[in-house]
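Q: Taken from TrEMBL, the feature FAD binding site covers 275-279, 316-323, 414-416. Per TrEMBL, domain 'Photolyase/cryptochrome alpha/beta' is recorded for 23-161. Annotation comment: TrEMBL describes W347, W401, W424 as site 'Electron transfer via tryptophanyl radical'.
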Amino acid sequence: MRLSSQTFTRFSPSSYPNMTSGSNSLMWFRKGLRIHDNPALEYAAKNSTHVYPLFVIDPHYMKPDPTAFSPGSNLAGLNRIRFLLESLVDLDSNLKKLGSRLLVLHGEPGEVLIRCLKEWDIKRLCFEYDTDPYYQALDAKVQSYALESGIEIFSPVSHTLFNPADIIQKNGGTPPMNCLSFSKIAGEPHWLSSSLSTTPSVIPPVGDVGNCEISEVPTVKQLGYDDIQEDEPPVFKGGESEALRRLRESTNDKKWVATFEKPNTDPSAFIKPSTTMLSPYLKFGCLSSRYFYQCIKEIEKEFKNHTSPPVSLLGQFFWRDFFYTVGFGTPNFDRMRGNKICRQIPWNNDDELLAAWRDSRTGFPWIDAIMVQLRKWGWIHHLARHSVACFLTRGDLFIHWEKGRDVFERLLVDSDWAINNGNWLWLSCSAFFYQYHRIYSPITFGKKYDPTGAYIRHFLPVLKDMPKEYIYEPWTAPLSVQTKANCIIGKDYPKPIISHEIASKECKRKMAEAYDLNKKQNGIVSDEDLQNLRTRVEDQSQATVPRRLKQKLI
């Protein structure tokens, strides 16, 4: 598929006069780290004498945090930071092919932007619209200055298929609360019938940068990170060039694209994963979701019996936009308290259990292998995410979903504010999905995909010689079998930290009581109500569980 030269814009300001030729434009990159289908970049280049493509290294996101549980900043693990830097290097390279370059500055982005707007005599500020709360606040600050200074602002919606504000307006002022409703309201994207904007043939050169200290894209070492010895090379290489290469590779098998059904993909596949693995490139905008969507639509035209949303590849885009829309339209979407769509549940506060889950020490090989893959790859299959999220929250440990969300936010290369929070709300049965009695077994769920345990053996080599009969429950293996496998449970690999059979029943009981309280209070649960419920369910658990747990695990 070839992108045509037609321009596509959303959020185009109608009150500004046309900018005269000879003015300076600033293209502020955050996500949208690409040349193709980038309406903000195209608009910045139009009728400008100079264009300043800028990325700001934000210490809020990039500064090393030596106290964190894994290498990285306090917000992002090193895998994601490395991916971002590689994406910036590739963006710089692609800009240079068009006669431009990427300008890199360091500092608080709002302050840096305002300084650049002054220093470079900018008349037009262009950036892709972002719904994340952090950028919403940042953009308001920058736009306030720009408007006061008479600077034209162009901020198109191009990270998602739809404008979340439009969907909310069509739904009467609130976001639709399920993907089916969302897709009915959204329909087909209005831009689908017209071609997307092409890569600019040329971008006006960068002008005088004045006293601004421009740098090249830094390396992780230059940011202050020590050299990290990798067991294996990173799975993902950042950048638009790699994104488009992977897209071509993923869409070469047109039948696979047309018949894709996400629920039928395999969470244990690791040599050749069963999905596109393009999510990191969509997260950073190295790949245009709209371009990807059009590629799939063209392939589907060749197949009469292609799959349909919500399970098809196109359906995955609707899920993505659905979570963006709900996140955008729901105050406090990223927390339990003050979030009107979130059930109030008296989650446990147990740092030891949380750390065991996070650090692959639960004693359940399926869960631990997934968490090892997450730490190493920065990516796990969506059903693997379901397994470990359910285990941490409503399935076994009853730990707050916000704690698990924070771990995913740090370790996932593709971590996306709206999607990450939405999925944790869903999988903890706090919102969207309420069948809390349907629990992913940490033993049998993985076994149906991978009965021999190849996935576990790869990511937990300590269990590589454990016979397949015991690979999912190694604590049940006789000592002679453990000895032969060079893996003594409780010494070389942990014993289970809980009894799944007992813990899952306790979780169901606690969820039932929490649901009853939310129903009685019509969703208005006070801190006192929640604390009283927490005390009651904990007292009930302490009266029955410890003795049975001890009997079960000895």
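Glycine too: its Cβ is placed from the backbone N, Cα and C atoms.
Automatic prediction, not curation, is the source of TrEMBL annotations.
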Q: Just the number: how many Å between the Cα atoms of F323 (FAD binding site) and W347 (site 'Electron transfer via tryptophanyl radical')?
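A: A Cα-Cα distance of 24 Å.
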Q: Whose Cβ, among the recorded positions W319, W401, has more other Cβ atoms within 10 Å than any of the rest?
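A: In terms of Cβ crowding, the pick is W401.
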Q: Report, in whole Å, the straight Cα-to-Cα distance of S415 (FAD binding site) from W347 (site 'Electron transfer via tryptophanyl radical').
A: 23
Q: Among all protein chains shown, how many Cβ atoms are found within 10 Å of the Cβ of W347 (site 'Electron transfer via tryptophanyl radical'), not counting that one?
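A: The answer is 23.
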Q: Sort out the sequence-distant neighbours of S279 (FAD binding site) for me: same chain, 6+ apart, CB within less than 8 Å of its CB, listed by position.
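A: Counting only residues 6 or more apart in sequence, the Cβ neighbours of S279 (FAD binding site) under 8 Å are W379, D414, D416.
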Q: For a three-state summary based on DSSP, what are the helix, strand and coil counts in the domain 'Photolyase/cryptochrome alpha/beta' (23-161)?
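A: Across the domain 'Photolyase/cryptochrome alpha/beta' (23-161), the residues distribute as 57 helix, 32 strand, 50 coil.
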Q: Give me the count of other Cβ atoms within 10 A of the Cβ belonging to D321 (FAD binding site).
A: 24
Q: If you measure F317 (FAD binding site) to W424 (site 'Electron transfer via tryptophanyl radical') at Cα, how many Å is it?
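A: Distance between the two Cα atoms comes out at 18 Å.
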Q: Within 10 Å of its Cβ, which one of these binding-site residues (T275, S415) has the largest number of other Cβ atoms?
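A: That would be S415, with the highest Cβ count within 10 Å.
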